[in-house]
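Just below is one structure, and these are the notes that go with it.
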Amino acid sequence: MKFLLAFSLLIPSVVFASSSKFQQVEQDVKAIEVSLSARIGVSVLDTQNGEYWDYNGNQRFPLTSTFKTIACAKLLYDAEQGKVNPNSTVEIKKADLVTYSPVIEKQVGQAITLDDACFATMTTSDNTAANIILSAVGGPKGVTDFLRQIGDKETRLDRIEPDLNEGKLGDLRDTTTPKAIASTLNKFLFGSALSEMNQKKLESWMVNNQVTGNLLRSVLPAGWNIADRSGAGGFGARSITAVVWSEHQAPIIVSIYLAQTQASMEERNDAIVKIGHSIFDVYTSQSR
């Protein structure tokens with residue numbers, strides 16, 4: 001993590017990568033699109049030199065649970081502004097429980113701090129915890145306004161869990177683009193959107209994610225580190241946003257989004273693994 005923090009003040013101008021460098025990645029993504037009859041978007045941003053590559057980077061995809069990083073970043077930002085106390089507590093009511101809440105469902109009748117709610121939703125993808133955070137930061141509109149404030153004109157949140165995961169084709173609600181989300185993560189972790197202390201906290205939540213072991217983490221090169229957040233939704237939506245780095249490799253921000261496919265969850269997970277492996281090959285082959 002020390003290596004990651006060393007780049008916390010660096011946001012280089014974007015430089016488009018040569019098409020030849022990512023030629024194999026593009027071929028692999030296209031092949032997966034065909035095999036799954038899916039729509040796929042990918043972006044890769046090297047934070048050291050600003051080198052950027054994408055595939056369908058400006059197309060819209062359902063945010064699904066990748067929004068949780070943004071919601072928790074908003075909580076951290078609001079705490080810096082004195083608008084909210086992350087140590088304040090919220091009573092957990094049975095009526096507030098929504099589907100997939102592995103942490104919160106065991107704490108009905110108890111109180112949870114906003115900080116702990118972020119830890120729960122970032123590390124287990126607990127949906128009720130996410131709604132608790134949304135309530136504290138002004139709801140979906142508060143999140144979207146925050147995104148506009150930091151310069152993200154594309155990403156938008158319109159609903160809460162679980163409705164935001166609907167994923168209908170052509171529905172602009174609760175969507176992002178691979179390019180926009182990569183830029184926003186760059187601002188959260190390496191820019192001035194958050195203090196260094198809160199950059200470290202957000203990174204720690206992503207590093208400690210417990211539900212992505214079968215995705216990019218399964219093909220992470222030896223000696224590399226990862227901080228990530230995944231998501232899934234209707235109409236074949238599956239996604240992951242991640243930062244990967246090593247002692248010799250500056251942080252790389254990767255976003256992968258799948259949509260409009262009838263592929264099984266296992267097939268969609270495998271698609272993310274294959275795309276991630278192809279991306280990692282670009283960087284590991286350079287150091288051989």
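The backbone N, Cα and C atoms fix where each Cβ goes, and this holds for glycine too.
What Swiss-Prot annotates here:
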- 1-17: signal peptide (SIGNAL)
- Ser65: active site, acyl-ester intermediate (ACT_SITE)
- Cys72-Cys118: disulfide bond (DISULFID)
- Arg229, Ser230, Gly231: substrate binding site (BINDING)
Output field, substrate shell: CB within 8 Å of site CB centroid, site Arg229, Ser230, Gly231 dropped: Thr64, Ser65, Thr66, Lys68, Thr69, Ser125, Val211, Thr212, Asp228, Ala232, Ser239, Ile240, Thr241
Protein Cβ atoms within 10 Å of Gly231 (substrate binding site), excluding its own: 23
Separation of alpha carbons, Cys72 (disulfide bond) and the residue listed as 'active site, acyl-ester intermediate' (Å): 12
Distance, Cys118 (disulfide bond) to Ser230 (substrate binding site) (CA atoms, angstrom): 15
Sparsest-packed of the listed disulfide-bonded residues (Cys72, Cys118) - C-beta count within 10 angstroms: Cys118
Conformational class of Gly231 (substrate binding site) under the three-state DSSP mapping: strand
Under 8 Å by Cβ from Arg229 (substrate binding site), counting only residues of that chain that are 6 or more apart: Ser65, Thr66, Lys68, Thr69, Met122, Met206, Asn209, Thr212, Ile240, Thr241, Ala242
